[in-house]
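According to TrEMBL, the features are:
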type   : residues : note
DOMAIN : 79-182   : domain 'Cytochrome c'
DOMAIN : 226-341  : domain 'Cytochrome c'
DOMAIN : 364-454  : domain 'Cytochrome c'
REGION : 479-506  : region 'Disordered'
SIGNAL : 1-27     : signal peptide
Amino acid sequence: MKKSRSRWLTAGAVTAAALTLGAVALAAPSLTVPAPPAAPMTHLNNIAAVPVPAIAVLPADDTLAARADTGAETSGDRQQLLRGAYLARAGDCIACHTAKNGTAYAGGLSLASPIGTIYSTNITPDKTHGIGAWTYDDFAKLMRTGVTRAGYSVYPAMPYPSYSRLNDDDMHALYAYFMRAVPASAQANRRNGIRWPLSMRWPLAIWGKVFAPAPIAFTPPPGMDAQTARGAYLVEGLGHCGSCHTPRSATMQEKAPSDDASRLFLSGGGAIDGWTAPSLRNESGGGLAGWSDDAIVDFLRTGRNEHAASFGAMNDVVVDSMQYLSDADLHAIAKYLRSLSPHDTHAPAYAYDDTVAARMMAGAPQGAGERLYLDRCAACHRANGTGYGRAFPPLAGNPVLQTKDGTSAIHIVLSGGAQPATHAIPSALSMAPYADLLNDRQVAAVVSFIQTGWGNRGGAVSAADVARVRKTALSFDANGLSPVQKDPRHEAPGQDSRAPKMGQAD
Ligand code: HEC
Ligand code: HEC
Ligand code: HEC
């Protein structure tokens, strides 16, 4: 399975921020601690009003769910284990807790961060190396507060602020699944490659107190219908969509945990591994304005629709998680996303402009960008920018090309890309990389053209922007390692440093 490092830079920055807060002497700028996000939520677990997914719709080809099916003793049991398997998919636990080509949930995936390498942990029910000795309360506490059975706080790479939304029934089902249906693996946890004093864990507890002040149980806003509320529950909670799609503050916490808190929620995150996660709100200028419920469902299930094709970090979300969700849940997510009012209320709606298309089709492109596009790109994306169905995505009106941030567009031209292969559409059409064919100036010219041609509103990029993406983002693609991972203090597997004493070097 292809693994992404998508969350790690963020995780590292979060960690760095946490450590700074903990007043560890760091060569980092001093930070003003902003007020925690407003969270007008109560601690009710009144999720009963929200329908749970029908178990019958689990895809038969999810072997992890099939295992849950065979481990059950009674039919109530079976329902609970299957539901747990389904929730684990919705939470995408496998993406982070499985190493490249490793045993499912046995941990060991390296997460690059600016301060060192973090390894995900074994969450199989092995009593020594996994979480087999954890009670339900231990598990629920970790999932809601980030505090482990041993009493220390985990790095916020683990998106527990989102998972704290889970209601008790779902938490029990998830626990039952991990304890009883996931096979135990005796794979030892790896020591994190973070140097003292950064390896001290106590500042993380401070981070948790300040920025994730209390577990926020999900409460649908008054008047929200059950389907939309189900979507909100999945998006804010298990789906942890905000961890990439919500902007972060200087201290790296998400600026809003939900739409009730602020319209910054899902208004577009920064770049992760050189891919920018766009706004998921119902807005122009890079958001999902103009996408129908069905288009959103298609995108989440297959990684493509008539507007765009998924790439970068989002491919893993589709492949490991979203493609397993039921139709009902995907429609609930779509409905919820479409209910989110614009954050940027001034962005004009996209309108197709055929001036450049007419020029190019008459064989008279103007400028280097248009000429390069005709030579190198038009065969697939067409001179009029409309692409070919779901095979080659349209560039005209594509939300990725409507924002000032050209990072994703530059990155995909340099690195190429492949659509995710899913159960619904196993073929993965790809675009070859141009990093070795075009220089920075040429890439800047062609990307500036696609960001502004056909009425697109993205804006020009410079050769310096291209040079920056070439230097930073491409190193992630080369071998799955980020620049910071090239010199990690890798320890032999078997040394578990997860519970260092307060203030102690690991
Ligand atoms: C974005 C990556 C990511 C996702 C998604 C994720 N985790 Fe984690 N998780 C981590 C990392 C990294 C750690 C270890 C952090 C540390 O060592 O401080 C961790 C730690 C844990 C721990 C503590 C284990 C221990 O032995 O201390 C548990 C339990 C856990 N995760 C369960 C889950 C479950 C259940 C899900 C899915 C609902 C999940 N995680 C999804 C990254 C992730
Ligand atoms: C690990 C980071 C990450 C997570 C988690 C994540 N996304 Fe994304 N998402 C991205 C990136 C990066 C893109 C831009 C690439 C693309 O368009 O495929 C993206 C693109 C999208 C798009 C296409 C938007 C467009 O304008 O083309 C949709 C829809 C989407 N994500 C929905 C979701 C939903 C719903 C969730 C939660 C269930 C989610 N994402 C979780 C990183 C993430
Ligand atoms: C062989 C056909 C082909 C050619 C030639 C090609 N592309 Fe692509 N392009 C694709 C495919 C397939 C995708 C979807 C990739 C993915 O999902 O990762 C894509 C995706 C993109 C995207 C992201 C849009 C989205 O929604 O996924 C951009 C931007 C892009 N191409 C620009 C270009 C530019 C600029 C050129 C010329 C320098 C070019 N492409 C040449 C096939 C092609």
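Residue numbering: from 1, along the chain as shown.
Each Cβ is built from the backbone N, Cα and C atoms, and glycine gets one as well.
Note: the domain 'Cytochrome c' (226-341) comprises 48 helix, 8 strand, 60 coil (DSSP; helix = H, G, I, strand = E, B). Under DSSP, the residues of the domain 'Cytochrome c' (79-182) split into helix, strand and coil as follows: 45 helix, 10 strand, 49 coil.
Under DSSP, residues within the domain 'Cytochrome c' (364-454) fall into helix, strand and coil as 41 helix, 6 strand, 44 coil.
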